[in-house]
Amino acid sequence: MSDDLILPEEPGTPPAGDAGPGPETAGVYGVPRPAVPKRLPVTPRFGGCASGAGVGAAAPGEPGFRRLPPWLKARLPGTGEYAETKALIRRQGLHTVCEEARCPNLGHCWERGTATIMILGELCTRRCGFCAVAPGQPNGFVDHDEPRRVGEAVAAMGLRHTVITSVARDDLKDGGSGIFAAVIGEIRKRSSTVIEVLIPDFRGHPDDLKHVIDAGPEVINHNVETVARLHPVVRPSARYDRSLEVLSRVKAWGGGAVRAKSGIMLGLGERDDEIDQTLADLVAHGCELLTIGQYLRPSPHHLPVVEYVHPDRFRDWGRRAEALGMGSVASGPLVRSSFHADELAGTVRRGETSRAG
Ligand code: SF4
């Protein structure tokens, strides 16, 4: 493998629609259920998640191969803090978006001792066109010990800023919000870290979102991912308006103690006027923190990259977002949802509510 982060390929079929919940979904915590997660026989594993886009492209000679421009090249180190973080994650039986998404910033973040932990399993009940998290039917399976292990791992890593995310769990009655809340509680018991959760839309159910807000994270991130027009292709199971509503509710129900964050990808074919509208919509719906990054195709079975956006244009969009009223923006080709999340959240510490400068 070169340092272009060109990933190997596996056979598969294009993503389409929603994997949907299994027929025998239970989704009631504490009740025995036929917990047999089922991975659907489609798409490769590399990349993506609610954290925003997969990484890489087809291998040379394969359909869809397109060499990355120089500004998207990054190396994956394997020593120092990186190795320690990896060992700890393995010991606790946890998953990280950093690895699942083959994130180009993995080495950088892990060397800093930060990692984004993915809860609620590895199978997603949705199939977003940009994301290579494995689709499947978890069939109501929930690992009730996971919150404790996450809490212990965060404490052991001594994280200053912790990001927790998940796959979409439309098979669960509460969308997984109960486990999110339990994870936040277990971390709080053991650590004074700032907690950021990157959540799905919980199908717009207000009670599920409220459950997470009430657990008291400092930042709630929900990515709108792309402009309204491209949603049916990029996020077929999600809705632009619903995602904006999630952000509004975070702002309204968080009582000033929780900051709303979102993220978008560029390079999927969006027009400038649509990006501008999306930025304005996010600000109007209470979003204070924003990441803007380049979409990278996880495999030939995913949506093609329409454009590799030049770093100068990322800078321009970052300035534009701030001019529209966004509190803090990270914008660049390699920026992902959790990229320097601690710096983006700025002065936020437990109990503080001030805006980032
Ligand atoms: S909801 Fe979409 S982006 Fe999130 S993990 Fe599932 S497929 Fe990926």
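For all residues, glycine too, the Cβ spot is worked out from N, Cα and C.
Positions annotated as region 'Disordered' by TrEMBL: 1-32.
Under the heading compositional bias 'Low complexity', TrEMBL lists 15-27.
What TrEMBL lists as [4Fe-4S] cluster 1 binding site is Cys98, Cys103, Cys109, Ser338.
Sequence annotations record features per position, and here TrEMBL assigns domain 'Radical SAM core' to 110-327. The average pLDDT computed for the domain 'Radical SAM core' (110-327) is 94.
Among the features that TrEMBL reports, [4Fe-4S] cluster 2 binding site is placed at Cys124, Cys128, Cys131. The 10 Å shell around the Cβ of Cys124 ([4Fe-4S] cluster 2 binding site) contains 28 further Cβ atoms across the protein chains shown.
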Could you tell me the C-alpha distance between Cys124 ([4Fe-4S] cluster 2 binding site) and Ser338 ([4Fe-4S] cluster 1 binding site) in angstrom, no decimals?
19
Which binding-site residues among Cys98, Cys109, Cys131, Ser338 have CB under 6 Å of ligand 1?
Cys131
For the binding-site residues listed here (Cys98, Cys109), which one has the lowest count of neighbouring CB atoms within 10 Å of its own CB?
Cys109
Local backbone state of Cys124 ([4Fe-4S] cluster 2 binding site), from DSSP in three classes:
strand
Taking the Cα atoms as reference points, how far is Cys103 ([4Fe-4S] cluster 1 binding site) from Cys131 ([4Fe-4S] cluster 2 binding site) in Å?
12
Cβ density check for Ser338 ([4Fe-4S] cluster 1 binding site), other Cβ within 10 Å (all protein chains) comes to 31
